[in-house]
Amino acid sequence: MGNYFNTLNLRQQLDQLGRCRFMEREEFADGVNFLKGKKIVIIGCGAQGLNQGLNMRDSGLDIAYALRPEAIEEKRASFQRASENGFVVGAYQQLIPTADLVINLTPDKQHSKVVADVMPLIKQGAALGYSHGLNIVEVGEKIRQDITVVMVAPKCPGTEVREEFKRGFGVPTLIAVHPENDPKGEGLAIAKAWAAATGGHRAGVLESSFVAEVKSDLMGEQTILCGMLQAGSLVCYDKLIADGKDPAYAGKLIQYGWETITEALKQGGITLMMDRLSNSAKLRAFSLSEQIKEKLDFLFKKHMDDIISGEFSRVMMEDWANGDANLLKWREQTGKTAFENAPKGENIKISEQEYFDHGVLMVAMVKAGVELAFDTMVETGIYEESAYYESLHELPLIANTIARKRLYEMNVVISDTAEYGNYLFANVAAPILAKEIIPTLKRGDLGESTPATEIDNILLRDVNDAIRQHPIELIGQELRGYMTDMKRISSQG
């Protein structure tokens, strides 16, 4: 096996990267009918596995879970989750041969072993599903030619897939068919029915490709979604402590600040987030964001280049083979940081507006990171719709995990692949921010309100125009029109 993307010629690579079509709601008029009466077996019962399965069952589909024998014998967490929710659970040999659609929702690093174990058991002409294409694109897994290979990738953690479905809604979703494995031409019909069963069609579905999903997903999670939040949390907390702020206050401002700030981002993009600031603070946040972009532009491009070339996956898979030595080392180091061990501050009251007023630097980091990630993806050939979902859209969902249990929770919820990429980015970004940005800060940038200053109307007009006319704001306004039912995400109520 070898990296699938690297076997394609340039024309094919550009074609796959540029696959992105926003599907009309009418295209889902048949709902789940294509999969009605067919046996669907999910491998793995983690967050995505369980919650997708619950939604699909509630949509009228026949769902069972295939687990490894030891998971069943030892009654591990995956077995307990599936059993307690009333699903049929069995070993691979028992369930896989009966399945019309096998969905592999195990962690990325297990995919090759899982596919090797189950492919001989999959019946002729059945389908194999993924929710992330790393195994196909980066590992280069070759699937039997009679098997249809599809992907349905909800753009949020598994818990949110379930919560939005229970509200009668769904989460934005990417679907794709692997061009090397669509022998009967049924791949798109399978993917559409699967997406409808999870509720994704109610929030907007992009018809994409395995390649575009993988390359954009890796870029988003490494940079703005996880890496920037981790680097920003560590640097901002250390700055607050250096300025003599109460550790409990500093910890709470950072822990809940990302969530509060990005809630505005979710509802109205960067424009609304910046509008939550006073005019003086907005001008300062804009200036800081431009400084941050200048200092981190090379790092965003390096991550994108390493993702496109396959270098990132090569290095990560070397770490897999080495027992996750680097991943575990970086995870341990994160657990020992000052921010992670800050007092909880349960008795400290911070109003919603105070998170903005005292978090101007954090707002600037969000703006810079979102725009850099989006721009870098688009420059690489990824369509704006995909770049939006993999940067701005998912950010409030990840910020919500930090609000629950800080960086520990974020790194538990995201995949090992995302966690590894997060550390690669944050370990470089944090020292740059500490050296190049923190010394330039002024009173009111972090931990206290920006002093009121005389406002130049022309400057304010130009800054507002620059914010609102950025391409991510234009495509975001269009895509958010499909998500008018979005609920507020908040750990604080």
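Backbone N, Cα and C atoms are what each Cβ position is placed from, and that goes for glycine too.
Features reported for this protein in Swiss-Prot:
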| type | residues | note |
| --- | --- | --- |
| DOMAIN | 14-208 | domain 'KARI N-terminal Rossmann' |
| BINDING | Cys45, Gly46, Ala47, Gln48, Arg68, Arg76, Ser78, Asp108, Lys109, Gln110, Gly158 | NADP(+) binding site |
| DOMAIN | 209-345 | domain 'KARI C-terminal knotted 1' |
| BINDING | Asp217, Glu221 | Mg(2+) 1 binding site |
| BINDING | Asp217, Glu390, Glu394 | Mg(2+) 2 binding site |
| DOMAIN | 346-486 | domain 'KARI C-terminal knotted 2' |
| BINDING | Ser415 | substrate binding site |
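Around Asp217 (Mg(2+) 1 binding site), taking its Cβ as the centre, 26 other Cβ atoms fall within 10 Å, counting all chains. Spatially, by CA atoms, the binding-site residues Asp217, Glu221, Glu390, Glu394, Ser415 include one closest to Ser78 (NADP(+) binding site), and that is Ser415. When the binding-site residues Cys45, Ala47, Arg68, Gly158, Glu390, Ser415 are screened for a Cα within 10 A of the Cα of Asp217 (Mg(2+) 1 binding site), the ones that qualify are Glu390.
DSSP assigns Asp217 (Mg(2+) 1 binding site) to a helical segment in the three-state reduction. The Cα atom of Ala47 (NADP(+) binding site) lies nearest to that of Ser415, taking the binding-site residues Glu221, Glu390, Glu394, Ser415 as the candidates. Remark: Glu394 (Mg(2+) 2 binding site) has Lys155, Cys156, Gly220, Leu225 as non-local neighbours, by Cβ distance under 8 Å and separation of at least 6 in sequence. Comparing Lys109 (NADP(+) binding site) with Ser415 (substrate binding site), their Cα atoms are 10 Å apart once rounded. For the pair Glu390 (Mg(2+) 2 binding site) and the residue listed as 'substrate binding site', the Cα-Cα distance reads 15 Å.
Farthest C-alpha pair in the NADP(+)-binding residues Cys45, Gly46, Ala47, Gln48, Arg68, Arg76, Ser78, Asp108, Lys109, Gln110, Gly158: 21 Å apart.
There are 21 other Cβ atoms within 10 Å of the Cβ belonging to Lys109 (NADP(+) binding site). Within 8 Å of the Cβ centroid of the Mg(2+) 2 site, not counting the listed residues Asp217, Glu390, Glu394, the chain contributes Lys155, Ser216, Met219, Gly220, Glu221, Leu225, Tyr389, Ser391, His393.
Under DSSP, Glu390 (Mg(2+) 2 binding site) is assigned to a helix (H, G or I) in the three-state scheme. In the three-state DSSP scheme, Lys109 (NADP(+) binding site) is classed as helix.
Spacing of Gly158 (NADP(+) binding site) relative to Ser415 (substrate binding site) is 11 Å (Cα to Cα, whole number).
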